[in-house]
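**Q** What follows is a single structure, and I will ask about it in a moment.
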Amino acid sequence: MERTYLMIKPDGVQRGLVGEIIARFEKRGFKIVGLKMIRIGRELAEKHYGEHKGKPFFEPLVGYITSSPVVAMVIEGKNAVGAAREMMGATDPLKAAPGTIRGTYGIDIGRNVIHGSDSPASAQREIALFFSADELMEYGLELDRWVYE
């Protein structure tokens, strides 16, 4: 099974969308193996968004992500990275398909409710950045045999 990292951003937390967003992934058959609410400090934000350092939107992005708590989570399932990205929709909510998370709840490209890893390699890096090994659970679900066999 593949794992991916998801983060409900400050606008999603402030607007009370956490439960709805988590429910979408559970209803799709993904297993939540890590979940916590955190306040991201500047150092962690800079590591997370390091690829954007030097770009004009870097400082506003770091300021935004550190402005309020976020919900960090790791989900597990078949094609977790690709399926989660499909469920989230395009980064720009104006271009996101109706019914996707960003298409439904996103306001603009800066307030698009959720972040998800864009590749299996990014997922590994982001999971390690936000979770220690003992914060990730290994468990089976009765549902697994219906979804994955």
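Keep in mind that glycine also has a Cβ here, set from the backbone N, Cα and C atoms.
Note that the structure is predicted; figures quoted are calculated from it, not measured.
According to Swiss-Prot, the protein has these features:
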type: ACT_SITE; residues: HIS115; note: active site, pros-phosphohistidine intermediate
type: BINDING; residues: LYS9, PHE57, ARG85, THR91, ARG102, ASN112; note: ATP binding site
**Q** Please compare the binding-site residues LYS9, PHE57, ASN112 by how many other CB atoms fall within 10 Å of each one's CB, and tell me which has the fewest.
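**A** Output over binding-site residues LYS9, PHE57, ASN112: least Cβ neighbours within 10 Å is PHE57.
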**Q** Per DSSP, the residue listed as 'active site, pros-phosphohistidine intermediate' is which: helix, strand or coil?
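**A** The three-state answer is strand.
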**Q** Work out how many Å separate ARG85 (ATP binding site) and HIS115 (active site, pros-phosphohistidine intermediate) at their Cα atoms, rounded off.
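**A** With the alpha carbons as reference points, the distance is 9 Å.
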**Q** Which chain-mates of HIS115 (active site, pros-phosphohistidine intermediate) that are at least 6 residues away have a CB under 8 A from its CB, listed by sequence?
**A** LEU6, MET7, LYS9
**Q** Please report the three-state DSSP label of LYS9 (ATP binding site).
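**A** Once the DSSP labels are grouped into three classes, LYS9 (ATP binding site) ends up as coil.
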**Q** Can you name the residues of this chain that are 6 or more positions from THR91 (ATP binding site) yet have a C-beta less than 8 Å from its C-beta?
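**A** Expected: ARG102, ILE109, ASN112.
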**Q** Within a 10 Å radius around the Cβ, which one of these binding-site residues has the most neighbouring Cβ atoms: ARG85, ARG102?
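**A** Answer by Cβ density within 10 Å: ARG102.
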